[in-house]
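Chemist: Here it is, the structure, as C-alpha cells.
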Amino acid sequence: MAPRLSLLLALLLAGAISAQQQQFMEYMERRFVALEERISQWHDQSSRYSTELREFKSQVITMLENMEKEQDRLRTEVENTAVRVDRLEREVDYLETQNPVPSCVEVDEKLMENQVSTAKKRKNEKYDKLTDCSDTISQVKAMKILKKFGSSAGLWTKDPMGSSEKIYVFDGSRNDTVYVFPRMREFTLFSATRKAARIKLPYPWVGTGHLVYGGHLYYIRQQGTFQVIKFSLANKTIVDSSVFPAEEQVPVFGLSAFNYIDIAADEEGLWAIYATRENEKNICLAKLDPISLDIEQMWDTPCPRENAESAFVICGALYVVYNTRLPSRSRVQCVFDVSGAMTPEDAALVYFPKRYGSHSSMKYNPKERQIYAWDDGYQIIYRMEMKKKLEI
C-alpha cells in the first residue's frame, strides 16, 4: 500500500512541475513576443524620426541658401542705393553751386599783352614788405600723419584768414569737386566722402597749386592759357578771373609734371610760383593781388626746377623742396628772399622726415605756422620751428 501511495504522489508532483514549466514557458513566450513588438515599434519610430530629421536638415539647408541669396540681393540693393544717393547728392550739389551767370573768363589777347608788359616792367624790382615778419625755418619741429585719403596727388588746406576750422580737400590733379569737412576731427575720423560737403566748381582745376584764402578759393584753370579763378565760398560763384601773364609756361616742379602754377600764402599775402620756357631751368615767383588778381611784381629765382617737388613761401621768402626720382628724404635746398634780407647761403638746410613717396603739394598756413602736405595719398602736418633771419 505504501509503495503505491508514494508512486501516486510522485506522479502528481511530476504533473504539477510539468504544468508550472508549461505556464513559465508560455509566460516567457508572451514576454518575448511583447519585446519583439516593442523593438519593432522602436525600429519603425527610429526610422521615421531619421527620415524626418533628414527632411528637416534639407529644409534648413534650403532656408540658409535662400537667406544667403536674399542677403546678397539686399547687399546689392544697399550698394546700388548708396550709389544712387551719392549721385543724387552730387546732382544736388551741382544745382546748388551752379552759377546762373558765370563770369566771363574768355581770354582777351590785348588784356593778356598788357598784363605781361606791366609785369615785365616790374620784374626783379626791390620788394617793399607789408609786414615786419622776419622769421625763417630753423627745422621741422614735428610731423603728424593724419590719414590716407584719395589719390596719390592732391592737396588739403585750411583758410588762414578768420576763425573757420573747415578742411578743404582737392583730390587728384584734375577734378571739379572740392570736399569740405567741418573740422579736423571729422576729416580724421570719417573714411567716406559722403560725410563731407561738396563744392562743384564751374570749371575743373588742373594741378595741385590751389589755395583757400579770405573766404575765397583760388584755383588754376587751363583753357589753352592758364587762368587764376577766384571763387567765392559764400556765394558759390566766380568773383573774378585772370589770365596768368607769363608766356610759354612749363611745369614749375621737375618731379610734379602736373603743376604749372602753385598759389601760396604767407604773412605778406598771396604769391604765384611758376616757370617759363624763357627761364626754363629755374623757378619764378610773382606777388599776387588777392583782390584784383593782378601781378604786382615778378622775380627770376636761382632755384632750379630739376628734382623740385614742391615749394612754399614764409615771410616773403620762397622755400623750394627737392627730392629724387626714386623718392627719398625731402629737403629744402634753395631759399630765395625777395627782400634781400637773407641770401640762399645763409638759409639752413632743412630736412623733412622720411615718408611714403614725394609731396604733390605743401601748403603753409601763416596763422598756425605749419604746413599741410599731401604725400602719395597721405595727409601730413609739419610743425615748423622758426628763427629770426638775423640769427641764421
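Cβ atoms here come from the backbone N, Cα and C positions, even for glycine.
Heads up, here are the entries from TrEMBL:
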type: COILED; residues: 53-98; note: coiled coil
type: DISULFID; residues: Cys133-Cys315; note: disulfide bond
type: DOMAIN; residues: 132-388; note: domain 'Olfactomedin-like'
type: SIGNAL; residues: 1-19; note: signal peptide
Chemist: Report the mean pLDDT of the predicted model across the domain 'Olfactomedin-like' (132-388), rounded to a whole number.
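Modeler: Summarising the domain 'Olfactomedin-like' (132-388) by its mean pLDDT gives 91.
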Chemist: Does Cys133 (disulfide bond) have same-chain partners at least 6 apart in sequence with Cβ under 8 Å from its own Cβ, and which are they?
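Modeler: Cys133 (disulfide bond) has long-range Cβ partners Asp266, Glu267, Glu268, Cys315, Gly316.
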